[in-house]
Amino acid sequence: MSQPSVVLATASYDHTIRFWEAKSGRCYRTIQYPESQVNRLEITPDKRFLAAAGNPHIRLFDVNSNSPQPVMSYDSHTNNVMAVGFQCDGNWMYSGSEDGTVKIWDLRAPGCQREYESRAAVNTVVLHPNQTELISGDQNGNIRVWDLTANSCSCELVPEVDTSVRSLTVMWDGSMVVAANNRGTCYVWRLLRGTQTMTNFEPLHKLQAHDGYILKCLLSPELCEPNRYLATASSDHTVKIWNVDGFTLEKTLEGHQRWVWDCVFSVDGAFLITASSDSTARLWSMSSGEEMKIYRGHQKATVCCALHDGTEP
């Protein structure tokens, strides 16, 4: 198979992972994933592999092969893996699980290299652009910064006691972090560099974005500049696009019939892909707010999507 310039994948409660041609909407490959649901998908920076976070494994699939078998399995979590991502050079992977841990995996060696104990089910983990801090959010409402250099928790925040942090996102330049919770609220902090390398959080804004749950929040990528947007995907069937300058509502993306679980920006921020319980994924134009393409094929809820349409590092 020749390497696609755009890698778009979705996963569903129907126990399949599907790869799509972004423009035509055609599904060109389906991987059966019988052993568990897939909670999260992420593509490696070099576009060669797709990580699928399940229960309790993480499986790595070759993007450019038709093999239904994973090339690698990462197996030391003991419950649903809810978050997965890669360091910018693709040398290591991080994950967060409902078993209460955040783990780091060296992709060139078997097994888990490091483990951090969050003491509550972890829903979301993001890597700070400095590549030396992980930020996790958990079921009990805790946000923790894990300093990978010091190998310890450097900061702890609880924006709203006993309100689950569902999703975290960091601005590409490291200037801002947003946490979305089960009450439809986004907490926004400015990130300040202290004298040490430790990141300090300065409260910037509290945004009541939805009446329902926010299942995913995502800040726009670098190539979207000078525009900066926050996307919030919700159980109210919509995705809202907020202008980060003042947190005014720019657009509401309407079309999904059920909960919207996940969203991902194209590399230039011109498009957004969403995944929903209505079994579809959809492509939206950020400039018009219109739905451009519907990806149909999953038989049950589509709960996560991954997109890599940029250049390899």
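Each Cβ is built from the backbone N, Cα and C atoms, and glycine gets one as well.
Given the structure is predicted, the values throughout are model-derived calculations rather than measurements.
Per TrEMBL, the features are as follows:
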type	residues	note
REPEAT	1-30	repeat 'WD'
REPEAT	74-108	repeat 'WD'
REPEAT	115-156	repeat 'WD'
REPEAT	207-252	repeat 'WD'
REPEAT	253-294	repeat 'WD'
Average model confidence [pLDDT] within the repeat 'WD' (74-108): 96
Residues of the repeat 'WD' (115-156) by DSSP state, where helix covers H, G and I: 0 helix, 25 strand, 17 coil
Secondary structure content of the repeat 'WD' (74-108), with strand meaning DSSP E or B: 0 helix, 19 strand, 16 coil
Three-state composition of the repeat 'WD' (253-294), taking helix and strand from DSSP: 0 helix, 22 strand, 20 coil
The repeat 'WD' (207-252), counted residue by residue under DSSP: helix, strand, coil: 3 helix, 24 strand, 19 coil
